[in-house]
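Annotated features in Swiss-Prot:
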{"type": "BINDING", "residues": "Tyr116, Gln177, Asn200", "note": "NAD(+) binding site"}
{"type": "BINDING", "residues": "Thr223, Gln245, His248, His314, Asp347, Glu401, His406", "note": "substrate binding site"}
{"type": "BINDING", "residues": "Gln245, His248, Asp347, His406", "note": "Zn(2+) binding site"}
{"type": "ACT_SITE", "residues": "Glu313", "note": "active site, proton acceptor"}
{"type": "ACT_SITE", "residues": "His314", "note": "active site, proton acceptor"}
Amino acid sequence: MLSAQQFLKEFNNVESLNESLYEIVSHICEEVKLQGDKALKNYNLQFDQVETEKLELEQSQLKNAYDMLDNETRDALEQSYQRIKVYQENIKVKQESSQQTECYERYHPIERVGIYVPGGKASYPSTVLMTATLAQVAGVNEITVVTPPQNNGICQEVLAACYITGVHHVYQVGGAQSIAALTYGTETIKKVDKIVGPGNQYVAYAKKFVFGQVGIDQIAGPTEIALIIDESADLDAIAYDVFAQAEHDEMACTYVISENEKVLNQLNTIIQEKLQYVERQDIISQSIANHHYLILAQDTEEACLIMNTIAPEHASIQTRAPEMYIDKVKYVGALFLGHFSPEVIGDYMAGPSHVLPTNQTARFTNGLSVNDFMTRHSVIHLSQKTFNEVAESAEHIAHIESLFNHEKSIHVRR
C-alpha cells in the first residue's frame, strides 16, 4: 500500500512504451511498403506460424460464421450491436443549416477506414462491434478489418461480428505489418484513410510510425483501470474488476484508491486469496505482481487528484455517493459510476466505444466515437454586406503582417 505522495512520486517515474521496438517496426513497415502481399505472407509465417495463400476472407465466410452461431451468442452480439448503434446515432453530430448563418460547418464520413482487431491471447468480437458499428453509423463507404491469422482459422465470433456490422473486407494479417498494409496498400489490400482499434506494442508503434501518412485514433498502451472505493463497496466484486483488467495482458495496470486503510487491506487479502484459483492465473498474477497499486488518500480531493493524474482508460467509482465525483474526475477515458456499472459492461454492452485513451492521454484526448469517422470543414459564404463590414479590418491585419497580396485580394473586391 502506498500513500498518495509515495504513489505520485513513483507514478511520475513510470516509463511509457518500449522505444526499442521502434526500429523493428519501422523495418517491417518498409518491407511491406516495398514487397506488398509477399511481405505479409512471410510475416504471417514468421510471427504467427500460419501459411496463408489467400489474405482476404470471402463475404460468404462471414455470413456462414453468423449463421452457425448458437442462439445465445447471436442474441448477445445483436444486443450489443443495437445498444452501440443507438448510442452512436444519438451522439452523431448534426449538419448545420446553411440558411442560418454565413459561416458554418459540414461533416462527411471518411471514405475508407481500417480496423485492427487483436488476436493474441484472446479473440475480440466486441472490438469489431465497438469500432465497425461506429464507422457504419457514420456512413463510411468501405470498412476493412485486419486480424492476425490463426492455425484453426479466424475466430468465428469475430467473423460473425464483422457480418453484423457490415464490414466490407476482412484480411487475415496482424501486427505492425497489417498497419503498414492499410497505410500503403498492397496488391490485395487497399490503402485506407484512417486506422483505428487496439493492439499490442508493435501495433502501437506501427501506428506511431505511419502517423501523418494516414489518420489514427490513438497510440494505445496496455489496458488500465483505476477505482475509487469506500467501505460500502462490494470487495468481492472489486477483486473481479481488478482481475478483469489484469487478464488482458501482463502489462495491464490496476489502481485502487480509498480513504479507508482497512478497506484496502481487506481488498488485498481477498485478491491474494482469489488469485490462487482465478482463471487465466498466469497472466493475472504477473499483472498483479508488477502493475497493481493500492493507494491511501487523505480525503476526496486527494483521491480525485490521484485519479486525474493517472488519467486512466477506465475510472470506476464505487462509493456511497458516486455522483459527487462526476465533476471532480475530469481526465479519464470513461467514467463508470456505482455497483451496477462495472467497467466490463462498458466493454460489451453500455453503448460508448470501449476504444479509449491510455497512458495518461485522457488528459488531452477522448474515447472513440462515431464523430471520429467523419471529417469536418468550415463553409464561408458571405454576402456583399457582410464582406463590406469586415473587409477594412481584414485588409489592415494583412497590411501589418506585410502580406501585401492578401491585402490586395481584399481591396480589389471593395
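Each Cβ is built from the backbone N, Cα and C atoms, and glycine gets one as well.
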### Task
Please tell me which one of the binding-site residues listed here (Thr223, Gln245, His314, Asp347, Glu401) sits closest to Gln177 (NAD(+) binding site), measuring Cα to Cα?
Thr223
### Message
Which secondary structure state does DSSP assign to His314 (substrate binding site), in the simple three-class scheme?
### Response
strand
### Query
Fewest other CB within 10 angstroms, which one of the binding-site residues Gln177, Asn200, Gln245?
Asn200
### Query
According to DSSP, which kind of secondary structure is His248 (substrate binding site) found in, if we only use helix, strand and coil?
coil
### Message
For the C-alpha pair, I'd like the distance in angstrom between His248 (substrate binding site) and Asn200 (NAD(+) binding site), rounded off.
### Response
11
## Note on the structure
Around the Cβ of Thr223 (substrate binding site), other Cβ atoms found within 10 Å total 25
### Summary
recorded positions Tyr116, Asn200, Glu313 vs Asp347 (substrate binding site), shortest C-alpha separation belongs to Glu313
### Query
According to DSSP, which of helix, strand or coil covers Tyr116 (NAD(+) binding site)?
strand
